[in-house]
Amino acid sequence: MRFAIPLGAACAWAGVALAALQIAEDDSTITLNNDRFKAVWSKSKGSVVDMFLDGQDLLGPQSGSTGIGPYLDCYCVPSGFYTAGATNPRMQYVEGTDSTGTNYAGVILNDTYTPTGQQFQQYWFLRDGETGLHMFSRLAYYNETTPFLRNLQEFRTLFRPNTQLWTHLTSSELQTAPLPSKNAVSKQVVVQDATWRFNNTPDDAYYTQFSEYFTKYTFSNQWRDNDVHGLYGDGTNSNGSTYGAWLVMNTKGPLHSDLTVDGIVYNYIVSNHHGEGTPNITNGFDRTFGPQFYLFNGGKGSTSSLQDLRSEAAKLADPSWNAEFYDSIAKHVVGYVPSSKRGSVDGRVKLPKGATNPIAILTVDGQYFQDNSVVPSSYQYWTDIDTSGKFRIDRVVEGKYRLTVYADGIFGDFVRDGVTVKAGKTTTVKEKWDAESAGKEVWRLGTPDKSSGEFRHGVARDPTHPLHPPEYLIYWGAYDWQSDLPKGIDYRIGSSDPATDFNTVHWSVFGPTPDNPDVEYNTTHDWKINFSLTKKQLRNSKKATLTIQLAGAKTASGNTDVYNASEPYINLSHESYINDQKEPLSFVIGFNQSSSCIVRSAVSCYQVRSRMEFPADWLKVGENTLTLHLPYNATDTETAILPATVYVQYDALRLELD
């Protein structure tokens, strides 16, 4: 790759004016600014170190790793975390005019981690008339001596302010709250990894309005539902002017979820907090991720509300936004695929009766869509399907894809491999989705929607705080199994209420919690589902099928996908007993299917499902009982402050007769 040579580089200070857009460079910094927005990069840090909107400091003073950003870091070197630019940062700028006639300037960081030879590039671009930074992030590894390095566990950019300007954080309408005060943070009590209790400061605005507990996972969100997230300053510390700092997500998941904002505005590009797979870094690995856009809005004299500034940012969450600009800067960005090498998919799928909220996903051919990372060079696209079954996905990099369609209310997915996309062409797809069936449905429990949120302490709103966040987002230890379900789960089809009588998580062991030191083993591991059958239902039936769909499951591997033979529950067996049968219906949740789901405030993670057939004569006229069994007191070794128990989270269950 060739870079534009900085003009006047031999001088102590160089300045280049592009109409209102200006570039300045000295021995230690590069500065880009236009009429309203200014960003300063430190050549020695490889990061933005100062940022201003209408003269207002958005970052605050530098202190260690705070007061800087956006910057790039990862969990990807043999020792773990690494911040791009920490070894030998080489900073250069580029400039130009895009195809729309708009001037732009960019700053490019190059850094090589010497022990492994991993190459990092971070790109930041500012356009004239915009108040934000367009960003791309690249990691490359070429090493024949060590062809397998490790997994790319985390790859992210962070806007990490150190200022009282910001007063609120938000990742959705339901996940909006005041930031905890410095006083609350100074007196917080650790209850779990990255989770604190503010019981020592009950008058703090976060405590009174949102929750007694704070965890970065409370504001995590699924990418399908996440257009924009960030920070808001209500003017309290900025002379009445309001400000917003947003990560605009014009590329998404859809089931992937992770951290969004907790005082830091994150762009989690690759991660596995909720059990998604991560790509391996092997010889030849070379990926450029982006674009993403950090927008800073409001400004001097602004009285715009959080909702107004958020809505302004959300309008930019469109993959086609600024496409001409991205094509113009593709010559600067290694690995970015321009529009000339992209095509479209125009499809129509006849949906099964009862399908709602359908979605179409393009992922790597031949693989389950949540395993897209097994091919590190793969891409992923998705779009909602309208009520007539139509969808269109534009700007798809040419190649061969798997099409997956799923919908709320329908068990299973529709899958078609071999969807070929050619540059400049539109691929047409017409399909009919016949919902899977193993006979006549006798009953179902839960809604097949890839979430356990409909059950107790799931999406139900917290009644004790005026902002009423969904209960699952708070912290699992805020609730007490022994108080909620002292006799365990004894559910009756047709009369029990799934929102109160079926828990969002099936623990092997529960506790302790901050308010209850007891550990409960006896009522947690076996759950009973009772149901009645008539003679008519059983007549002529030879085969029964039990379908269990899990929205998430935790084995002893947690969210690492690492096999450890010393852990007895590294692969977790889930067993279902029909009436008094001694032999269970079993399926194994593999170590590479495990998620750290509910303990990190999620009800939808890596999906696992099984359809198990058994003789219909195991059932009887009248009362029947299905027992869902996890191993008794099944735990693992945790290196972080997290519950050691294994658990599963049910999406939905169904019994069919044939």
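Backbone N, Cα and C atoms are what each Cβ position is placed from, and that goes for glycine too.
The model shown is predicted, which means the values in this text are computed figures rather than measured ones.
In Swiss-Prot, the feature N-linked glycosylation site is attached to one residue out of Asn199, Asn571, namely Asn571. Neighbour list (Asn633 (N-linked glycosylation site), Cβ cut-off 8 Å, at least 6 residues apart, same chain): Ser508, Val509, Tyr521, His525. Under the three-state DSSP scheme, Asn110 (N-linked glycosylation site) falls in the strand class. Fewest other C-beta atoms within 10 Å: among the glycosylation sites Asn110, Asn522, Asn530, Asn571, that description fits Asn522. For Asn592 (N-linked glycosylation site), the nearest neighbour among the listed glycosylation sites (Asn239, Asn280, Asn530), judged by C-alpha distance, is Asn280. Asn522 (N-linked glycosylation site) is 58 Å away from Asn239 (N-linked glycosylation site) when you measure Cα to Cα. Burial estimate for the glycosylation sites (Asn239, Asn564): highest at Asn564, by number of other CB atoms within 10 Å. Residues near Asn280 (N-linked glycosylation site) in space but far in sequence (CB under 8 A, at least 6 apart, same chain), listed by position: Phe148, Leu149, Arg150, Asn151, Leu152, Pro376. Cα to Cα, Asn571 (N-linked glycosylation site) and Asn564 (N-linked glycosylation site) are separated by 10 Å. Taking the Cα atom of each, Asn530 (N-linked glycosylation site) and Asn110 (N-linked glycosylation site) are about 62 angstrom apart.
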